[in-house]
Amino acid sequence: MMAATQSSFWCFALFSLYVYIVRGSFTIANEDRKEYIVYMGSLPSDPKYSPKSHHLSMLRGVVSSRSYTRSFNGFAALLTDKEAAKLSSDENVVSVFRSETLQLHTTESWDFMGFPENIDRNLTGEGEVIIGVLDTGIWPESPSFDDHGFGPVPKRWKGECQGGSDFKCNKKIIGARFYDGSTGGSSCRDTIGHGSHTASIAGGRPVKNTSFYGIAEGLARGGAPSARIAAYQVCSTIGCSTAGILGAFDDAVADGVDILSVSLGRQQPVSIEEDTIAIGAFHATEKGILVVQSAGNSGPMVGSTASNAPWLFSVAASTTNRKIMTKVVLGNSKVLEGYAVNSFKLKGSQVPVVYGAETTSDCAPDLAKLCERGCLDKNLVKGKILLCQSSDYLVDAYEAGAVGLVAQKSPSTPNISAVLPFAISLLPSYQFELAESYYDSNKKPTMNILTSHSKKDKDAPIVAEFSSRGPNVVIPDILKPDIIAPGTEILAAFSPKSSPSDYGFDKRSVFYNILSGTSMSCPHVTGAAAYVKSIHPDWSASAIKSALMTTAAAGRMNTSKSKHGHNEFSYGAGHLDPVKAANPGIVYRTTYQDYINLLCGMNISSSMATKMSGLNITCDDKKVQPLKAKDLNYPSMAAQIEELPLTNNTNGAEFKVKFTRKVTNVGLPNSTYKAKTTCHHTACKINVVPEQLSFKALNEEKSFVVTVAGKNLESMVSASLEWDDGIHVARSPIVVYAKTMSV
């Protein structure tokens, strides 16, 4: 159901079919009218302007299902295709696009990043930070959201507690809203678990002795445990309505959140003016709100990240130093080890085993070995452990009466463990072959599936296989994702109303669960951003983003163990380091005007830029200088080379790219930074002018130009620039890549 939970890997195909059926039936029943979003940009400054009246006059009798009137301008309505086309030609409209259903994309993880519980904090400042979470809602009774010891709600908070009749806010959860729309929601109470999980990773208070039935036991805590949380329920069991998402952005901006955490999104990128989250985030950025979004779970394919706007903080997922594994003990005492989070204990030390191939006479042998649907004889399976070449039919195994399942893990699935509905272990191919060999050589084979255990992963951090990759196919000269954070096998709060494995027959109820996905890495960055914000309350969203990016640990990523490479296109600036981010020395600040200049540089018309920004924009006048994406004052540098110039040089074609940047001193008043460059390419040269930046005061700005030149570029050049004053090191990744790079 959720593209960012563990069920992404075991239930996604079934959920996609469910969504197709549910949404398909809606479309058939309303084939003349479909829900469209009419985006009209910023709200006009005229106090006499009434957005709702304007919307109604444009609709001319068609009922609007939702108007956006608090932070930007637009509405959602059921329209025919002809009506939508007519509205798209209206001079007041930026874009008209179909409303869609998007998908949902900790004890050990914070310590793994070097961010211990006893780190120095500004508790007063942290209590003033408000984190907005767009997700499936929140479970307010969770110990992670208890408000014991919390002071009064920040006076600037303008939001409300509209969580439904069964929902109460407190001094920790200070706001709640739900958006019924096409998701069918009627409360902000989380009955799925995903929203509680992400909210607790970002801002959950410390809770001792948490675990999943004794597995991964420890202290569960968020990155900013004293921060306040506002929950916006935009997702339900059928997905996340884009109309509801825009409604949540509209409210959250007006409510007064500081940071928005968005662990959901598309599976494929779209243009900025049709990207619901990019649109909402654009208006949030205008108000100084940092929007953190999961990069997506469509990896390892390159060009798969759907979080591409530069004003979004896009987060990839890495592994942590804790792996959860499930052992299988064969009757001959040999021990195999597979992937699964198993809390079930089987009766007896050894249980009879039957191979799927021997449970039927009606199925072809190859299908029977897979335990395919219809191939299992309940009389032969009941009470036994089933051995299968695939885990695709685990529901059938359960319904046939199997007490356990030992299956071969598909090589294409990630090497991570998920919570499953009964005793299961998924063995790598070479270990499954050992299980097969043991079965074939014994007349009465037996096995036992043990409860899961934690072990040290010495290879971490590695980019998770499911994590979406760049390059950015929407704005090629902006490097995405921006950063990487822990996203596998994370223990955090959950809803006791939801099955921990997402299987209906699994009736277990838990307050803490183990999930994986970029949905889990996103709130790690949100929590770190809240921590930095608490120490530097006057910093802009772009300054906080820069601090987290330039202090990220790229060298910490274990690229030698990664199957798919892609380097910066998979982890951006590097691995999150919250402690260093609190004192970055210098930052790259990007203003709202810079983004407007970028829109003009992207050949967006003056009229569209005016409608989006609410300002009177003429893209070619002196006040608005069209800006190329590669020259946006961004903490990373990227350039796509459309065509390499021809040359007679036998060593290959030459390339040369210039980047302009400026940094602001936020470290020591009197400081001098020296440039250090690194290029991981045999024929690459980097020149920085000037090579030294001397500051005499805080908040002083200095500009510089970086030139990357080389030849024989086959796919990409990976490089970096470090500014070092002896105390601080601010690092920017640099990527120059050919358009022909496979996408």
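Even glycines carry a Cβ here, placed using N, Cα and C.
The active site, charge relay system feature in TrEMBL is assigned to Asp135, His194, Ser519. Taken from TrEMBL, the feature domain 'Inhibitor I9' applies to 36-105. Residues or ranges marked as domain 'Peptidase S8/S53' in TrEMBL: 128-574. Feature annotation from TrEMBL assigns domain 'Subtilisin-like protease fibronectin type-III' to 631-736. Summarising the annotation, TrEMBL assigns signal peptide to 1-24.
Cβ-based neighbour count (10 Å, all protein chains) for Ser519 (active site, charge relay system) stands at 34. If you take the Cα of His194 (active site, charge relay system) and the Cα of Asp135 (active site, charge relay system), they are about 7 angstrom apart, rounded to a whole number. Secondary structure of the domain 'Inhibitor I9' (36-105), assigned with DSSP and counted as helix (H, G, I), strand (E, B) and coil, comes to 17 helix, 23 strand, 30 coil. The local packing around Asp135 (active site, charge relay system), expressed as other Cβ atoms within 10 Å of its Cβ over all shown chains, amounts to 32. In the structure as shown, the Cβ atom of His194 (active site, charge relay system) sits within 10 Å of 29 other Cβ atoms. Helix, strand and coil counts from DSSP across the domain 'Subtilisin-like protease fibronectin type-III' (631-736) read 1 helix, 64 strand, 41 coil. Taking only the Cα positions, the spacing between Ser519 (active site, charge relay system) and Asp135 (active site, charge relay system) is 10 angstrom. Summarising model confidence by region, the domain 'Inhibitor I9' (36-105) averages a pLDDT of 81.
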